[in-house]
């Protein structure tokens, strides 16, 4: 009875840590949407300064991707989460008390570093803590927390919109979930890797390895944590080169299927298909956020039943079909898209890339990267009032096509939230050995951020060269290639303990 209670307590606390970690990540990405409207007036920020302020999170996140893996592997996952909570506290205080743009940028860099380290450490820690049949659910809970955090930030943006210096409250309230996560993890074990099989009750639901030989080997070979150097990621030792290929393939296809730009331009697309007022475009964008929450809950329910490969391939197929549909409809009913700086005065500022090519237009997110783009949707919609008026005639002539465009957007968001969104980070937290898991996760995560930046910076130039329709069709082709990649290279880890996964992947095939 005592053992069962202990198992339940660990399960609840692990879920709390995962949910709060995602909520903090999503909140920090979304809260800038409303804060920037006030900061622009209070500090008289130019378009470039707004872009720098929002992009400061990217700088911090990239630094965390380079250094965070070493911290996670050498000092432990639990300590890394605790440190990220303290760094987030410092960053939030800097933002709350800021009196200049320089201090605001420093605060945003600090916050970006904290949430990036937390995102990596939380996924790894929870995956190592819980039993195999619970791992998919609890790691995916992080993704659900991100979507909830973004919606919460939208709500608080509205609450403090008319409050004098309300942006200080917006930034400061991030301290509350960080403190809750800090307290929750204090009651969890220090080294979950060695405690992965601590409770026999938690092992009853495990699905054994499919082959008899592998099952016997798992029982015969006691789990021993091996030590690896960073260069081992590119060597044949324990089949590490193939694992690195899987990790990089997942994070790169996650971006090259067009997710940052399809969602980053959601408000513009909504304007083009008939949502002419700012409020209706914002409402439609928030509606996409609600759809993401529902789709992520579906992914949580299916992760440990259908499996990672099935959800990844199904999501890619639907994404490819959706973005291809967007390409075909935009070819028949061209989208009206502005790219002047004033129209992009929001923090995304995707349309002003030609003026400031070194400034990233979208704040990207490892985990689960689709979250950051929702924040941009709200910002674009809220600041559309300065953009040139769009004629109602084009969309009125193509009502059926515009409904197809709207439904395609909803399908794309749902498919990403079921497949690439949560499953990429779940697989990455499972396929690497414990001794190098933090560094491997951080290495792949850095490519995720870099790919997001590349896709975002090159989007408008490619659109000018080949047009929106061909751009969307290219994303559809990348989705098909992603399905082939997943089918050939990504292993199914459903129902296997981390020790079983390690033994299975170490064997050369």
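Cβ coordinates are placed from backbone N, Cα and C, and glycine is handled just like the others.
As annotated by TrEMBL, compositional bias 'Polar residues' applies to 348-357. Residues or ranges marked as domain 'Major facilitator superfamily (MFS) profile' by TrEMBL: 14-494. Sequence annotations record features per position, and here TrEMBL assigns region 'Disordered' to 347-392. The transmembrane segment feature in TrEMBL is assigned to 7-32, 52-72, 79-98, 104-126, 138-161, 167-188, 244-262, 282-303, 310-328, 403-428, 440-460, 466-490.
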Study note, to complete from the structure: Listed stretches 7-32, 79-98, 310-328, 403-428 vs the transmembrane segment (466-490), most Cβ pairs under 8 Å: range 310-328
**Study point:** Contact call for the transmembrane segment (104-126) and the transmembrane segment (310-328): at least 3 Cβ pairs under 8 Å, seq gap 6+
**Key:** no
Check your understanding: Under 8 Å, at least 3 Cβ pairs, sequence separation 6 or more: does that hold for the transmembrane segment (167-188) versus the transmembrane segment (52-72)?
Key -> no
Review point. Per the 3+ Cβ pairs under 8 Å rule, pairs at least 6 apart in sequence, do the transmembrane segment (440-460) and the transmembrane segment (138-161) touch?
Key: no
